[in-house]
Amino acid sequence: MAGQSLEDVYLLRPLNDAPPTAEEKRRSKELEEFLRASGLYESVDEGILREEVLGLFNELVQTWVKGVCRKRSLNVEDARAHVYTFGSYRLGVHGPGTDMDTLVVGPRYVQREADFFGNEKHCLQYVLSQTPDVSDIQPVPDAFVPMIGIKYKGVQMDILYASLAMITLPEQLELSNHAVLRGCDEATVRSLNGCRVTDTLLRLVPNQDVFRLALRAVKHWASLRGISSNVTGYLGGVNLAIMVAKICQLYPRAEASTVLLKFFILLKAWPWPRAIHLRVPEDHSLGLPVWDPRPGTRDSLALMPVITPAYPAMNSLYNVQRSTLEVMTAEFAAAADVCTSFLHYRGGQSIDWGRLFTPVPFFTQHTFYIQVEVSADNERDLVLWDGWVSSRVRRLVRNLEDHVRVRPFPKPQRPPVAKEVDADSRPRLLYYIGIDKRVAPAVTSQSLMPNGQLQHSAPGTVVTPASKVDLKQPCMMFVTEVTAWAAKRIGMELRVNVLRRANLPPWLLIDPAPQQAAQQQEQAATVVPASLLQEQRQPADKNVDTAVGATLGASSVQGARRSAADERAVPAESTQGAESHRLPAAKRMRVERAEQVAATLGDGATDNFEAPPSRSQSPQAPFDATAVDAMVPSAANIGLVTPASHEAHASQGPLSQDAKSQLEKQASVADERAAVQESQLHNTGRDMGDWLGVDHGVSLATRETSGSPPC
């Protein structure tokens, strides 16, 4: 690296500075038309409303600062504050309904903890709560960048505060001057960096119009694919802006359509954790921590660093975790494949942008989901409670990603209003996390040491989990942390449930066709009859939190309520080897008890006799004994009671036809239960815990002889 210049080290030289062709310009116009047709541009009236709200908010801030100055017995005439915008609104890529990132810069005597947050009369949070047009006040004082979220006349605003080391602020304050950072703490520096980064971005991009169009398209794609939320560990607005600006630097004369295609193609091949820089980092010796990826530092652990261009340079993607990095790289790769196919279009052929901008089928692509239900007594408390819980969902993902593949969905879902009288009508929001099993890594000659043992995984890599995973512990840790919130009010509750895909609320899908197709695939993968599946799932329909139920009002998470027959169906190949295994003692005693009952029953004694239902079956549910006989191997070969054995016992006493029929049904039930439970013990790949762990223990020879396709 000694012979390389800084431009080469930080990849700051253009890769291609050729002028755009007429075809690329035409495709850029088609892209803009597609985005306008998708409703990504706000109307003129909405733009005027935003300007009006900013003016009203500026007047409110000036009144607040003068009130704090009066409380401190200072000169009110010189008291002033400045309001700045940054983010998507400042960059010019905001759409209808998007929030406005706002920064309030105040003098030294107006403190964040004492005057910005709080319910005292001189605090801005209290002033906002008394303003008629302000609603949904959501303070987040413990966030990495403390903020207050509000709705002002229907316009969502995220308000940050920075207190400068000045008694009186000048009428014209330039935030790009590094002197404003002197004497500021880290939270204030991070708040100021929002505006500083936005202004620096606009200066570094070669063509702002191309940058805005490409950034608007990328943000729309990220929102559709469910990876647009920095709080959840995905891509935020500033992250996407820096990444798109990087592509604009590498292709300074390219059109927006070309920048969009190159964005996905380059990010697919980007060697993470190599950082993305827009310029050489600066150091102005102000004592502020800057980006330092040297080994042994905290920055060296970053998984997906995207460095801000303004001083002090810092990683804007600090929330990325292993699971969210896996999701984003997979999405980049899929989008790059689509964009590569666009490059092969002939001249004059229009690009089908709809192939790229497709929503993610999140609620049909996972087998299990974790549902985090946030509820409160009223909407005001729900806004406060949701702000705290949503900022902690990332901790739950971190606790889960060592055991399963995790994909959190960033957008909360609001259930429809219940029409039933007895239904819970309290306001609530639902967050969902898709979970799938991790496939055991293939054992190769390179992974084996001379003694035959596997090499240890490198630091930071995902360790293969144990064969069984207990999801109760990660959920308990999450609930325990959430319950420690000091501002928690009565009525704020949290429930954490683990659901199968088939048990998801039906209103989550606008089009039920994908869900129906997924259910048909699940049913086709097993030979269990539909009547048996209905009987097995009846308890789960009554209480959907089958695996984990966590309530904030309770002191601990409820225990896992599951049964073997309720959680999974019996695969066809799992019953092939049941003949060669001896029944467990408990099952053998049950069968012997059934034989004794069959031998002692007389005429008319079976009118009120019913088979004792298992924990996972309902005694009133219908049972298809004929279908079970076709599913289970020969009962005579594994020592179970058969109709023939009933005839042998019938010689000891006469039996009516109804009694014989009832005994045959009882024998079929016992036969099916024993075979099901035996197969579940010997086929760990179908167990709930093993399903979430390593996929092992299934004999390939059994798969081939059974003739059924692998699941």
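Every residue number used here counts from 1 along the chain in the order it is shown.
Glycine is no exception: its Cβ is also placed from the backbone N, Cα and C atoms.
For reference, TrEMBL has these:
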| type | residues | note |
| --- | --- | --- |
| DOMAIN | 14-205 | domain 'Poly(A) polymerase nucleotidyltransferase' |
| DOMAIN | 210-357 | domain 'Poly(A) polymerase central' |
| DOMAIN | 362-411 | domain 'Poly(A) polymerase RNA-binding' |
| REGION | 555-622 | region 'Disordered' |
| COMPBIAS | 611-622 | compositional bias 'Low complexity' |
| REGION | 645-711 | region 'Disordered' |
| COMPBIAS | 702-711 | compositional bias 'Polar residues' |
Quick one: DSSP breakdown of the domain 'Poly(A) polymerase RNA-binding' (362-411) into helix, strand and coil?
23 helix, 12 strand, 15 coil
Could you break down the residues of the domain 'Poly(A) polymerase central' (210-357) into DSSP helix, strand and coil, giving a count for each?
71 helix, 4 strand, 73 coil
Report the mean pLDDT of the predicted model across the domain 'Poly(A) polymerase central' (210-357), rounded to a whole number.
93
